[in-house]
Amino acid sequence: MPRKHFGTDGIRGQANSVITPELAMKVAQATGVLFQRGEHRHRAVIGKDTRLSSYMIEYAMVAGFASVGVDALLLGPMPTPAVAMLTHSMRADVGVMISASHNSYEDNGIKLFGPDGFKLSDEVETKIETMLDAGFALKLSKPADLGRAMRVEGDRARYIEFAKRTLTRSLSLEGLRIVVDCANGAAYKVAPEALWELGAEVISIGVEPDGFNINRGVGSTSPQALVKKVREMRADIGIALDGDADRVLIVDETGKIVDGDQLMAVIAASWKEDGRLSRPGIVATVMSNLGLERYLESIGLTLARTAVGDRYVLEHMRSEGYNLGGEQSGHIILSDFCTTGDGLVAALQLLAVVKRLEKPVSQVCRRFEPSPQVLRSVRVAAGKPLEDASVARAIDLARKRLAASGRLVIRASGTEPVIRVMGEGDDLDLVESIVNELCDIVASSARAA
């Protein structure tokens with residue numbers, strides 16, 4: 001049964017239209033009630049990114065938590081992984097990140113974490129949805145039991161120290177010129193500070209948030225500004241985070257972009273050499289490049305694939321005992337340290353390899369030649385074209401045409417009203433032809449719905 005509010009990464013939509021103060025308050029009430037276990041004073045940690053609507057949602061959630069007797073601990077602008085870490089570290093009952101990640105300022109969202117710092121399971125989110133429809137009149141606290149709200153002091157320093165401790169104490173980034181792009185988002189203070197404290201020469205862009213410019217022409221989804229700055233400053237490396245800093249892309253010293261697949265390859269090879277992999281393989285999604293899979297096989301590692309979404313990567317990692325996984329988009333999960341994707345920590349693991357090998361980033365990060373990959377999106381206003389018999393036949397035929405030389409992935413987005421069609425293989429012309437044909441068929445089916 002399709003869910004009304006929760007997608008693949010919490011609740012997300014246009015601020016004050018989909019993500020309203022009323023919805024935010026009700027989500028806080030439902031979550032607060034659900035996680036009230038034991039007789040202790042209940043607490044919720046709340047972080048946010050820098051978009052204008054985050055204030056509105058934050059205050060609405062404070063009201064919701066307070067109304068059911070839960071204290072709200074306010075972090076202000078902080079990366080998603082910092083919220084996850086601090087939720088667990090501060091023994092809170094629940095954590096909240098107010099963010100729409102890489103989306104523009106018009107959107108916002110709510111990500112929820114349990115007391116262990118992990119994102120909530122589908123089952124728990126479904127319980128919250130059920131509670132949203134049931135109402136809370138009988139669950140509201142008495143006046144003497146209402147929750148309080150308070151700002152947390154020193155949270156930024158705690159996260160920076162946490163990130164630094166993922167490296168050996170003897171490692172210094174001295175001698176490296178690093179350009180870091182914080183997307184005018186949640187990491188605009190912590191990322192530059194952490195890199196500077198580790199000894200790097202830091203040049204920062206995307207560190208002037210105004211409520212409207214998050215992800216606008218900067219960050220991991222718009223790396224052109226970082227590419228330009230790396231070349232201009234003759235930097236050793238560029239690090240691009242997204243709006244809530246749970247994903248990262250790298251730019252090498254030549255200005256070439258290094259995606260999450262290449263980054264996972266570097267870390268996997270390094271951890272294998274050091275004996276740090278908990279299993280002889282890593283976890284990625286169906287969207288990761290075939291070249292990554294072939295590279296891992298060449299060094300004796302396997303690639304387990306999941307549905308798209310870092311939560312599904314993490315669920316498979318936890319159930320099967322992996323400690324490294326991620327997505328091509330730059331969500332890298334290092335479960336020895338983190339309970340969710342952490343762009344800064346992933347970048348630090350790469351920098352550790354660069355320092356150890358004493359080679360340029362371009363040499364360190366080019367582990368494999370990516371298979372030609374074509375990704376298209378078809379906007380769907382209504383209907384379910386993937387359930388159309390003609391679309392199913394076309395997909396089956398396309399897979400037979402690719403045979404063993406490639407892959408085809410067709411899926412509905414969990415965050416937008418689009419169907420994504422991805423094809424990859426050794427023959428780029430064939431892949432492009434197949435993807436374009438499928439997009440036309442899906443679009444035609446959607447129009448006929």
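Sequential numbering from 1, following the chain as shown.
Cβ coordinates come from backbone N, Cα and C, glycine included.
Going through S89, S101, S104, S390 against Swiss-Prot, the one listed in the Mg(2+) site together with D242, D244, D246 turns out to be S101. Cα-Cα distance from D244 (Mg(2+) binding site) to S101 (active site, phosphoserine intermediate): 5 Å (rounded to the nearest whole number). Taking CA atoms as the reference points, D242 (Mg(2+) binding site) and S101 (active site, phosphoserine intermediate) are 7 Å apart. For the recorded Mg(2+) site, residues S101, D242, D244, D246 set the reference point as the centre of their Cβ atoms, and the other residues of that chain within 8 Å of it by Cβ are D49, P79, T80, S99, H102, G185, A186, L241, G243, A245, R247, G341, G343. Counting only residues at least six positions away in the same chain, the Cβ atoms of P79, T80, P81, S101, D310, H331, T340, G341, D342, G343 sit under 8 Å from the Cβ of D246 (Mg(2+) binding site).
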